[in-house]
Every structure is written in C-alpha cells, then in structure tokens.
Amino acid sequence: MTKETYVSATAVVSGSFLSGSMMSLSALVIPLFLDTIDDGPQLLRQWARLYHYGSIYMPALCVATCGIYGYVALSKRAAISPLWSPYVLAAVSTLAMVPFTWWVMVPTNNTLFGLHRSAESTELGVVQVLVVKWAWLHVVRSLYPLFGAFLGFRALIRELRT
C-alpha cells in the first residue's frame, strides 16, 4: 500500500468519525436533555452549551477531513490517476454541510439563541419543539460527511483493487 492509500483511509475514518460524532448529538444527547430537563430556560442553556462545544470541534474536523480528501485528490491528479475525482466529490459532500447550516438551520439556531438570551421565562413545550426540530435538521446535516465517507471508501476500495 502506498502513502496515499493510508492518507485516503485517514480521510474516510475522519469523515466517518465526524458524521458519527454529529449524529450522536441528535441520537443520544438531545433525547437525554428532553428526558431529564423539565425547565425551558435550563434546556436552552444546555442546548447552547452543546452548540458551543460542537461549534469548536466539528468545523475543525470538517475542514481537516476536506483537506485530507483534497490532498489525496491532488496527489492522484498529479499522478494522472482517474481516481482523483471521487475524492473531490467526497470533500465537496463533506463540506456541503456548511451551506446547509447557513440556509436551513440558522433560523432555528437564531430562534433558540434569541430565547436563550431573553430574560423572560420560556415555556418548556416551546423550547422542546424547537430543540427537536434542531435535532432532526442536525441529523440531515450529519449525513453530508457520511456520504463523503461513503464516496471516499468506494474510491479507496477501487484504489486497493488496482
């Protein structure tokens, strides 16, 4: 196996880890919050902290994963290999979660942050509905790096067969 094969595998693992980490927030953490928090402002505080830590780690991992896919694609293209384009598609698919966030998720995020900043007490039911909506949108966002990992894995398998 070549160095690029190891780097390709690293990109696939990184994208899979990113998707799994993101998915675990919607599949595990949000249900835990909903089951154990019975106060609207407290649920908003917990969601805001979850968002804070996620916004520190997840974008960095997304950029790193795209960078690794990009490195592999450029290496393949320089070597005149036809396997460069699947890695570009994997990078683009992984990065596509960013415009999805801007165009689809920001209104819900802004509403949750607005409620969090307000001094008045917020009804638990209102917050729960918004947090559940956010969780489902986050599931969809988590699929972008998963699809990128799938594309990268397919390219890696093709690479190993040649």
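Quick reminder: no glycine exception, Cβ is built from N, Cα and C everywhere.
Model, not experiment: these values are computed from the prediction.
Look at Swiss-Prot and you will find 17-37 (among others) tagged as transmembrane segment.
According to Swiss-Prot, the transmembrane segment annotation covers 54-74 (among others). With a threshold of 8 Å between CB atoms, the same-chain residues lying at least 6 positions outside the transmembrane segment (54-74) that come near it are 4, 7-8, 10-11, 14-15, 17-18, 21-22, 25, 84-85, 87-88, 90-91, 94-95, 97-98, 145, 148, 152.
Sequence-distant contacts of the transmembrane segment (86-106) (same chain, at least 6 residues past either end, Cβ-Cβ under 8 Å): 8, 11, 15, 18, 59, 62, 65-66, 69-70, 72-73, 76, 134, 137-138, 140-142, 144-145, 147-149, 151-152, 154-155, 158. What Swiss-Prot lists as transmembrane segment is 86-106 (among others), and the listing cites sequence analysis.
For Asn109, the entry in Swiss-Prot reads N-linked glycosylation site. In the three-state DSSP scheme, Asn109 (N-linked glycosylation site) is classed as helix.
Under the heading transmembrane segment, Swiss-Prot lists 130-150 (among others), citing sequence analysis as support.
Same-chain residues lying 6 or more positions outside the transmembrane segment (17-37) and placing a CB less than 8 Å from one of its CB atoms are 43, 46-47, 50, 54, 57-58, 61-62, 65, 94, 128, 131-132, 134-136, 138-139, 141-146, 149. Counting every protein chain shown, the number of other Cβ atoms lying within 10 Å of the Cβ of Asn109 (N-linked glycosylation site) is 17.
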